[in-house]
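See below for the structure under consideration.
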């Protein structure tokens, strides 16, 4: 035991794994004005896992994700991606923002939105050619939206819009997928389609992290869970940490006991 | 006179102005598209008003150094400096203080413009200031435009256009989805500043022809007009460029034909004409199309309600419904259905019953979600499924459609 500790510079043996985690957030604090929304959060996402970030409204779920990606400027804290600092690793990350964060009357078509996922490849000047279009169409195919490629995005239903956003992320060909409330306001068919795509990504060895608000589907959809209410409450496999006790800590009594009883929880 | 102006037959100066205005219009329309898409149209108004103190200060500096105060390049440099400073003020006020952008724009615009007017008054009192003609920068003045002025405008416009085309992807992405852009490592603030700096470049270049008060119209009206005709960013950009170019060309030609009218306002009126046509007559997004769509929809609703009323033998009081049924030959003026009317009414009622079955059966959940009272049942169910539904309803099978 001692020998092992020395070999790892005094850190526990899991440290090796942590160091190359797809996403490792350390000491992340974000505040709007004088009130921290996220306070000193550490988060380590396991490779090849599907992680749900859960917590009550305003608990900093989305903010944590945005701060980790540098979309929101944190007060302190850092992000490591696959063991490297974030700036050089952005090509390995695909981000799906909340659907409500954009203006859907924007003059753009479905296929154009998916092509935005290829901008890194296209650079400033390269023309969009057939291979790019084929790639974009293949991504639309995976989310079942090929028939809509020429539509203006405002003509889509909420679920269809969410699928288009997912297709754009797929086009990026990333290793780590971060999604902000991908199931918010979508129909049941879309929810099924999205979860199928995400599980497909996990089977390819990709890592998926999603801000999620429906506790009932956590055990079915995800294998790991990260519970937050301004600071971290718990982090680990669903089997270990998705317990009534942790939920109570996270939601602070805002969940009725009846609701908790209905969840497919680990008991004992 | 007008045709001569359009075909550039009014002499050297008029030709220079017309071609210059056309270039400027293209650059302004294309650049303005990204301001418009980013919903920052009014920033350009702050930028343009902030040019005035720069113009005046540049004049004072050039005169006090013993030079000719009217040197266009010098004046434009001055205007660019003060506009850039105004732009930074708006950007700083918006990001670092609790002021909303509209308040920041309002304060910067008025303060800079006020300061500029004070400086213009000072210049009026200077011995060499009387003939300076700096007021021309307010509304544009093209009399006595020099070849070198035209070259400055053309080169400036072309450079701006080139930069916009190179940066169209990042600027479009930031306009549509700034979070996604930021997640991809783009510096959103810097791209926003670039969009505004390009608008500033157009403003500065356009000062001579259109003047600082109206340049905002050249940046904004073309993309707003273009948006009516298309749902694609690249086409909005292209159409805005064309609209801007045509407005600039035609406007400058018109004002050359009637030299007492300043060029800027005429160009703005021409682009307004294009805007008005787009607003009313554009397919799908135009006002006329929207009204027609609404009327057509209203007729469908009345027709359907009328048929259902006929089928159930209810009296129809709604005048529009009666008129529509009469016009389609489905009912007489007294509301009694004709032969075809009776058949169509029976079909409508039968469809309504079919929908009832569909909407109570879990197996048809997907189809039931599409019910809105108007949708033809044949568009959601196959013939076999309708047959199945009919078997459940019972009654006569072969309804005359």
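The backbone N, Cα and C atoms fix where each Cβ goes, glycine too.
TrEMBL annotations: computationally assigned, not manually curated.
The transmembrane segment annotation in TrEMBL falls on one of the ranges B:105-126, B:171-192, namely B:105-126. Looking at B:12-37, B:195-221, B:266-292, the range that has the most CB pairs within less than 8 A of the transmembrane segment (B:49-66) turns out to be B:195-221. A Cβ distance under 8 Å defines the sequence-distant neighbours of the transmembrane segment (B:72-93), meaning residues of its chain 6+ beyond its ends; these are 43, 46-59, 61-62, 99, 101, 103-105, 107-109, 112, 137, 146, 148-149, 152, 156, 189, 192-193, 196-197, 200-201, 203-205, 207-208, 212.
Counting same-chain residues at least six beyond the ends of the transmembrane segment (B:105-126), those with a Cβ under 8 angstroms from any Cβ of the stretch are 42-43, 45-46, 49-57, 59-60, 63, 82, 86, 89-90, 93, 99, 132, 134-135.
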